[in-house]
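Participant: From Swiss-Prot, for reference:
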DOMAIN    41-98  domain 'Ig-like C2-type 1'
CARBOHYD  Asn47  N-linked glycosylation site
CARBOHYD  Asn82  N-linked glycosylation site
CARBOHYD  Asn105  N-linked glycosylation site
CARBOHYD  Asn153  N-linked glycosylation site
CARBOHYD  Asn176  N-linked glycosylation site
CARBOHYD  Asn187  N-linked glycosylation site
TOPO_DOM  25-223  topological domain 'Extracellular'
TRANSMEM  224-248  transmembrane segment
Amino acid sequence: MSSFGYRTLTVALFTLICCPGSDEKVFEVHVRPKKLAVEPKGSLEVNCSTTCNQPEVGGLETSLDKILLDEQAQWKHYLVSNISHDTVLQCHFTCSGKQESMNSNVSVYQPPRQVILTLQPTLVAVGKSFTIECRVPTVEPLDSLTLFLFRGNETLHYETFGKAAPAPQEATATFNSTADREDGHRNFSCLAVLDLMSRGGNIFHKHSAPKMLEIYEPVSDSQMVIIVTVVSVLLSLFVTSVLLCFIFGQHLRQQRMGTYGVRAAWRRLPQAFRP
């Protein structure tokens, strides 16, 4: 092929790729909002629009309840209600026989309304371990939740969660720590953060009620030996004193009974036998 023919073919291919014919008009479809988070049974307004001046047909595709609130040639405004699960809304328009669409992602959430903190045990010796547990019932989506465990202003532990089934779940974070002397003067607490920014929502925070430990000093082995010895001596003295009192009492009783016995026998002795 000659160089002229090669250049002609290249120009023709470039024209076909970059410059489509007038029967293939380029247009765009937009949806607002592109993503949004709503609570169960919630509703939202969705706007579908297009750059096509005279679209042939357009609308919103969804399995949920929808109402057309208003419309013009290039846009339609809907109310979508009774949203009970994550879903995708699809706006579509047809222009010159060609259809374009755009999706809106809707997420259902339940914010953390209750955060329960548990310390186990609540009475701990210095140097001994204890468990901090934070529990958040009925929250979703779990993959947007983070639980923070605090000792005073110090973050002891935080926990995130993987994607779970699209339903309210219970989230739990557990951390084992060692008690020190200052823990008896510190508040322990838990913070639940549900971050829905990536889903078109807000950030929700919920704190637990603060709790405190009761801390005591453990008794050393030498102290324990001294305590046991002292208790043993005191117990021995007590038992000895009780026994001595008992023996002394019996002795006195026998002495009294002996005197009374002689006198009684003397009274019973007939007069003839008395001196």
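From the backbone N, Cα and C atoms, a Cβ is placed for every residue, glycine too.
Distances, neighbours, how buried they are, the whole picture for these features please.
Facilitator: The number of other Cβ atoms within 10 Å of the Cβ belonging to Asn47 (N-linked glycosylation site), over all protein chains shown, comes to 17.
There are 11 other Cβ atoms within 10 Å of the Cβ belonging to Asn82 (N-linked glycosylation site).
Long-range Cβ contacts of Asn105 (N-linked glycosylation site) within its own chain (separation 6+, distance under 8 Å): Lys34, Lys35, Leu36, Asp86, Val88, Arg199, Gly200.
Listed in sequence order, the same-chain residues six or more apart from Asn153 (N-linked glycosylation site) with CB atoms under 8 A from its CB number zero; the list is none.
Counting every protein chain shown, the number of other Cβ atoms lying within 10 Å of the Cβ of Asn176 (N-linked glycosylation site) is 10.
For the recorded site, Asn187 (N-linked glycosylation site), the DSSP three-state label reads coil.
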Participant: Taking the Cα atoms as reference points, how far is Asn187 (N-linked glycosylation site) from Asn176 (N-linked glycosylation site) in Å?
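Facilitator: So the Cα of Asn176 (N-linked glycosylation site) lies 16 Å away from that of Asn187 (N-linked glycosylation site).
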Participant: Express the predicted model's confidence over the topological domain 'Extracellular' (25-223) as a mean pLDDT, rounded to an integer.
Facilitator: 94
Participant: In angstrom units, rounded to an integer, how far apart are the Cα atoms of Asn176 (N-linked glycosylation site) and Asn82 (N-linked glycosylation site)?
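Facilitator: Here the two Cα atoms are 43 Å apart.
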